[in-house]
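Peer 1: From TrEMBL, here are the annotated features:
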BINDING   125, 126, 127, 152, 168, 172, 321, 325, 326  L-histidine binding site
DOMAIN    1-54  domain 'WHEP-TRS'
DOMAIN    56-388  domain 'Aminoacyl-transfer RNA synthetases class-II family profile'
């Protein structure tokens, strides 16, 4: 009867539309129809769900998470080795906290609706929240790491590890110290992590905002155009010089002469020899900022040599890093890919870490403008993860998604109680153990489960073993079996799984 009423109402609506009745009357009858459908329930009232993740995001399967955990472990181990503490901050900040800190990238900030009188935005990175945290708590000295998700309203290119929601792994040193010692340590950290993860050959490019600004000044770029020209130079790793030049001249109104002068500098890269050469450069050496930056760069390379990593570091005048808050040394690590034997120079496959010095950011938040010098690095976990994931797929390496050390099994029926007693003893002793959720599982099925999931040991309880006070311990890989006294089982499992 209810379905008939719905059909009758639908027919009435159709007739009203046909007769071009008053729109208000049609709307009223449509609302009535929808209400009747909703009450009816069933498929007619049901909403059809689109099963997908939002644009620029993804789910991670247990196998992918196992690879991710390995990467996070390597990174956290390195951060802790260098004496860092860990902090966390909210996933959203007051909108004004983030506004004006990112230059041209600010358009990518995710704004939220007004929530009870507060205008909020999702955090864009972990650096600005860190600076807010320091100013708010009047902290002038800390070495910290922070691993958390950040959000960017970007056009995602997920195959290249570009997302709208992604993790950042940041390490920062805040405090007043002698020049370039903390900066050199940040570069050492990048070197250690990339070496540890065995991603292949890499290069860490370094430059200094003061050298860039000095270069812009001597090339004839007006002060007001420094930041916008800087963001054009930052595209040199993705675009050829000709395109960057035409953007500077055509879109940003820079004179062709100034652009050509910039072109002579930004195509230079090298080591200490290049720094010495630029210190003698007639134009650059006259600029106070550039001279300061080059002096510090020389000092940095001396420390990097002491750390034994100068071979993988390149002083590169095209490196700009588009973010507004950098004030000194800036750096970026790229993975190299040798296309073939005939190519002279290795080809870059994208940035996997970046960072630099930002001495003015904390002062922006401090009511008295007190400055806290900071330098930090962010590891590009998503791109690293994409590379490792592809590598695992290609090698068909079997990835374990659990850490279970032993399966508690039984060889005969009616031993569920004994299995549960034994597994409880193992759990209480800190052993990672599983049991199949069946009263009487077949021994073959239990052993197959271990094969499928990579569990190395099986503890088998049987009637005879219970009488003798032992447990049969089976090594899945070799099928070797030994009887172990029940009181020695925990020790035996620990010994065998620690090898």
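Glycine is no exception: its Cβ is also placed from the backbone N, Cα and C atoms.
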Peer 1: Out of these binding-site residues, 127, 168, which one has the fewest other C-beta atoms within 10 Å of its own C-beta?
Peer 2: 168
Peer 1: What is the number of other Cβ atoms found within 10 Å of the Cβ of residue 125 (L-histidine binding site)?
Peer 2: 19
Peer 1: Let me spell it out: for each of the binding-site residues (321, 326), count the other Cβ atoms within 10 Å of that residue's Cβ, using every protein chain shown. Which one has the most?
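Peer 2: That would be 326, with the most Cβ atoms nearby.
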Peer 1: The record lists 125, 126, 127, 152, 168, 172, 321, 325, 326 as binding L-histidine. What's the largest Cα to Cα distance among them, in Å, rounded to a whole number?
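Peer 2: Answer in Å: the longest Cα-Cα distance is 21.
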Peer 1: Report the DSSP secondary-structure composition of the domain 'WHEP-TRS' (1-54) as helix, strand and coil residue counts.
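Peer 2: Helix, strand, coil within the domain 'WHEP-TRS' (1-54): 39 helix, 0 strand, 15 coil.
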